[in-house]
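What TrEMBL says about this one:
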{"type": "DOMAIN", "residues": "25-425", "note": "domain 'Cation/H+ exchanger transmembrane'"}
{"type": "REGION", "residues": "467-486", "note": "region 'Disordered'"}
{"type": "REGION", "residues": "515-545", "note": "region 'Disordered'"}
{"type": "TRANSMEM", "residues": "12-30", "note": "transmembrane segment"}
{"type": "TRANSMEM", "residues": "39-58", "note": "transmembrane segment"}
{"type": "TRANSMEM", "residues": "70-93", "note": "transmembrane segment"}
{"type": "TRANSMEM", "residues": "105-128", "note": "transmembrane segment"}
{"type": "TRANSMEM", "residues": "171-193", "note": "transmembrane segment"}
{"type": "TRANSMEM", "residues": "213-235", "note": "transmembrane segment"}
{"type": "TRANSMEM", "residues": "255-284", "note": "transmembrane segment"}
{"type": "TRANSMEM", "residues": "330-349", "note": "transmembrane segment"}
{"type": "TRANSMEM", "residues": "370-391", "note": "transmembrane segment"}
{"type": "TRANSMEM", "residues": "403-422", "note": "transmembrane segment"}
Amino acid sequence: MVALDISETSKSLAVVGGYISIVGLVSYFLKERLFMSEALLAFVAGIVFGPLAANVFSPLDWVNGSQKDLSYITFEITRVVIAIQVLFTGISLPKAYLWRERLSLFTLLIPIMTAAWFVTAALVYALIPGLTFLEALVIGSCVTPTDPVLANSICKGRFAEKYVPLHVRQIIVAEAGANDGLGFPFLFMALYLMLRKSAEHSVHSIGGAIGQWMYNIVLYQVTLSVVIGAVIGYIARKVLRFAEARGLIDHESFLSFGVSLTLLTLGIVGMIGSDDILCCFIVGNSFTWDDWFRVETEDHAFQDVIDQLLNNVIFLYIGSIMPWSEFGKFWGLSPWRLVALGICVILIRRPPWVMILKPYIPALATWPEAAFAGYFGPIGVGAVYYVQVALREIPDDGSRDHLVILPVVYFMVMTSVVVHGVTIPLGKGFQRAATITLSRTSTAADLVGARLPPAVPVGSVPTPVAPEPPAPTHARGESFGLSQQPASPQIHFDLPDTKAADTPPISRNISFATVPRSEAESDAVSEGTEGMYRRRTPAGPVAMV
């Protein structure tokens, strides 16, 4: 008798593969016609297939219900995904981009991130009862960095290519790649100040906590990772150019070099305990500092394929691990407080500060560009990663700060994925509805006006109106004239009379016959042209309409 082996691994692989295959069949329609975010679709699929609904994709069952093991798996999965994304982000940026846009990046990474951190902490402290401000700072630091995975999905596709200028897309992804690694100083400043009261912590004074933060985080984590990343990227660039110039590397290995470089960087920097996420971003920039690798691979879709697979898998996973039972369970986490917190964080965390400091962000030339960049600072995989880092540092003693941090951060992640995922589809939907309404109103008015007889003054006798004389026609020898054939108008050009004495007289009238098309033929031609140039549309000013 045949025995079935319905294991958790088999079910999970079937769900992931089935989802990517089915959605892939209609991916163009969903992303290029409906402007749906693939992160939002995967997140919703994770909820549907996860424990809340179908319960066929449950990562908690992979570890036999152990929350500690689930946190470890989540930490490692998000770490690898973010590292690959930020290194690809560094590769995709133009030559010496970090240096050319140093003022814009400094403004976005230092004052704006700091303001976002304090504002988010203040909102958490005000809306979540029972928390201290240091605990609120820990939660705020998890959602302060913008997410590189969601930022990449926002800055790609037909909408971004048509409405978002290239320089705006570049600064958004560059900021997302850099600040995901620079989230450590904000997180550990709050953690060290909070944990100094713990008996197990080695430092118990504020000065000692700040000193520990300076040498352990600023110097060892951030500065050392930048130096290591620059060195690894430089060596990798020189070695790859040497191998390529002498024909030692094949095409497939050349394209996949970025992924292998990511894994190498993660392993080396992870073993020495430095900031591997920031190091991967610096490696990507240093690796393509001369723009050679980016130009060589820009016509290949290898990185786009990897991005798409990672986006689908990670958001399917995040949707399936949402802690639904903990929302509203701890210390006044009522639904209205969480909803209000999520909306306020999206509206107040970044947009006001980007608008205020726009004069110091040269990469954003106009106010609409600043508003767009301020609003689209999504919270996603990076927040899930940082909350796992925080849980590894906070003692697992069942205390309030250990239990409340995860549901609050996860709810803000869900709010950002949903709100940022539906903004563009809703905006385009309203635009189309308004266009259809205006078109119908204009057409109806034209029809009514066409059917009304001309107004005649009261008491006057209408007199016959002489028909307008026909437009003057031009003989075949006159310039730029239309022929008298109504069905085939012809355009004539006078050519310059060169060598008139040496050459026999010839007809210098060039006619271009134009055959009227039916309405159906015109629509068909327009539709075909749109398909031919769909991906070549130049970027225009930032606008939601």
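Sequential numbering from 1, following the chain as shown.
Just so it is clear, glycine is given a Cβ too, placed from its N, Cα and C backbone atoms.
Automatic prediction, not curation, is the source of TrEMBL annotations.
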>> Quick check: do the transmembrane segment (255-284) and the transmembrane segment (70-93) share at least 3 Cβ pairs under 8 Å, counting only pairs 6+ apart in sequence?
In response: yes
>> Which sequence-distant residues neighbour the transmembrane segment (70-93)? Criterion: at least 6 residues beyond either end, Cβ under 8 Å.
In response: 59-60, 62-63, 148-149, 152, 170, 173-174, 176-177, 180-181, 258-259, 261-262, 265-266, 276-277, 280-288, 293-294, 297, 303, 306-307, 310, 313-314, 317, 321, 381-382, 384-385, 388-389, 391-392
> For the transmembrane segment (213-235), what are the same-chain contacts with Cβ under 8 Å, counting residues 6+ beyond its ends?
Replying inline: 181-182, 184-185, 188-189, 192, 261, 264-265, 268-269, 272-276, 278-287, 289
> Would the transmembrane segment (171-193) count as touching the transmembrane segment (370-391), if touching means at least three Cβ pairs under 8 Å and pairs must be 6 or more apart in sequence?
Replying inline: yes
>> With pairs fewer than 6 apart in sequence excluded, do the transmembrane segment (403-422) and the transmembrane segment (39-58) have three or more C-beta pairs that lie under 8 Å?
In response: yes
>> Check for me, if you would, whether the transmembrane segment (403-422) reaches the transmembrane segment (330-349) - at least 3 Cβ pairs under 8 Å, residues 6 or more apart in sequence.
In response: yes
> Thinking of Cβ pairs under 8 Å, which stretch from 12-30, 105-128, 370-391 has the most of them with the transmembrane segment (330-349)?
Replying inline: 105-128
> Residues sitting near the transmembrane segment (370-391): Cβ under 8 Å, six or more positions beyond its termini, same chain?
Replying inline: 39, 71, 74-75, 78-79, 81-82, 85, 116, 138, 141-143, 145-151, 154, 164, 168, 171-172, 180, 183-184, 187, 191, 277, 314-315, 318, 345-346, 349-355, 358, 361, 364, 402, 405-406, 409-410, 412-413, 415-417, 420, 423, 542
>> So if I exclude everything within five residues of the ends of the transmembrane segment (105-128), which remaining residues of that chain have a CB under 8 angstroms from its CBs? That is, six or more out.
In response: 98, 136-137, 139-141, 143-145, 171, 174-175, 178-179, 182, 186, 331-333, 337, 340-341, 344-345, 348-350, 353-354, 357, 360-361, 377, 404, 408
